[in-house]
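The feature active site, proton donor is assigned by Swiss-Prot to Asp204. Taken from Swiss-Prot, the feature purine D-ribonucleoside binding site covers His4, Glu179, Met180, Glu181, Ser203, Asp204, and the record attributes it to similarity to another entry. Under the heading phosphate binding site, Swiss-Prot lists Gly20, Arg24, Arg43, Arg87, Val88, Gly89, Thr90. Among the features that Swiss-Prot reports, site 'Important for catalytic activity' is placed at Arg217.
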Amino acid sequence: MSIHIGAKEGQIAETILLPGDPLRAKFIAETFLENPVCYNEVRGMLGYTGTYKGKRISVQGTGMGVPSISIYVNELIRDYGVKNLIRVGTAGGMQEDIKVRDLVLAMSSHTDSAINKVRFNGLDFAPTASFKLLKAAYDTAVEKGYSPKVGSVFTADSFYNDNPEAWKQWAKFGTLAVEMETAALYTLAAKYGVNALTILTISDHLITAEETTSEERQTTFTKMMEVALDAAITL
């Protein structure tokens with residue numbers, strides 16, 4: 001056991017999906033995995049391990065934001081030996097050619113979080129995806145007939161920004177979407193020498209104001225789940 005994860009040694013697979021919402025973790029496990037076993041209920045952050053097309057896969061909720069995902073990613077890698085981490089989450093679209101429910105593969109992530117400023121003594125660090133995972137997910141999505149968008153995302157430290165126009169500066173530089181975890185995931189993957197990728201579904205749009213319901217976000221964004229799982233079995 002680690003501080004925040006109740007699993008015993010060997011209960012978590014080397015490849016894991018990381019939804020922010022623990023109920024999405026439950027949905028993925030019950031919908032896609034064979035013989036899923038719940039290994040974690042600590043703080044309601046559900047975690048499961050099962051098999052997908054013969055490969056052992058885990059899925060673990062992480063909560064929202066850089067501090068929360070950092071807790072789970074640190075413990076999964078350090079205490080349980082996880083090697084491949086795929087975040088499956090939602091994001092707000094920031095470009096006109098990106099539509100609600102589109103798939104986004106995050107090649108890199110900007111952030112306003114100070115976590116890396118502290119870590120690198122005021123210097124910048126460029127958090128990027130693992131090419132192996134990025135290519136596997138892109139190829140999988142294309143084979144399925146999807147049209148994934150690939151590019152940078154913005155990891156925000158605050159959901160309710162006091163400056164509602166702040167996102168426009170990032171959009172001006174080609175940023176595809178805003179979310180709250182990827183910069184931390186990619187930084188920790190680099191620190192520990194493991195593989196990480198974020199696959200996002202656009203759940204709302206900062207330009208058009210279109211949005212989806214909480215129920216849709218929990219149970220209907222299955223394209224990204226299928227892409228993540230089918231990419232995972234190629235590793």
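Placement of Cβ uses the backbone N, Cα and C atoms for every residue, glycine included.
It should be emphasised that the depicted structure is a prediction, and the values quoted were computed from it without experimental measurement.
Here Gly20 (phosphate binding site) is compared against the recorded positions His4, Glu179, Glu181, Ser203, Asp204, and the shortest C-alpha distance is to Glu181. Neighbour counts of Cβ atoms within 10 Å were taken for the recorded positions His4, Arg24, Arg217; the minimum is at His4. Put simply, the residue listed as 'active site, proton donor' is 16 Å from Val88 (phosphate binding site) when counted between their Cα atoms. Reduced to three states, the DSSP call for Arg24 (phosphate binding site) is helix. When the recorded positions His4, Glu179, Met180, Asp204 are screened for a Cα within 10 A of the Cα of Arg43 (phosphate binding site), the ones that qualify are His4. Counting other Cβ atoms within 10 Å of each Cβ, the recorded positions Glu179, Glu181, Asp204 show the lowest value at Asp204.
Rounded to a whole value, the Cα-Cα separation of Thr90 (phosphate binding site) and Ser203 (purine D-ribonucleoside binding site) is 6 Å.
The Cβ of Gly89 (phosphate binding site) has 28 other Cβ atoms within 10 Å, all protein chains considered. The Cβ of Met180 (purine D-ribonucleoside binding site) has 24 other Cβ atoms within 10 Å, all protein chains considered. Within 10 Å of Arg24 (phosphate binding site), counting C-alpha to C-alpha distances, fall none of the binding-site residues His4, Met180, Glu181. Non-local contacts of Arg87 (phosphate binding site) by the CB criterion (under 8 A, 6+ apart in sequence, same chain) comprise Leu17, Leu18, Pro19, Gly20, Thr62, Ile69, Glu181, Thr182, Leu185, Ala196, Leu197, Thr198, Ile199, Leu200. Counting only residues at least six positions away in the same chain, the Cβ atoms of Thr90, Ala91, Gly92, Val100, Glu211, Thr212, Glu216, Arg217, Phe221 sit under 8 Å from the Cβ of Ser203 (purine D-ribonucleoside binding site).
In this structure, the C-alpha atom of Glu179 (purine D-ribonucleoside binding site) lies 8 angstrom from that of Gly89 (phosphate binding site).
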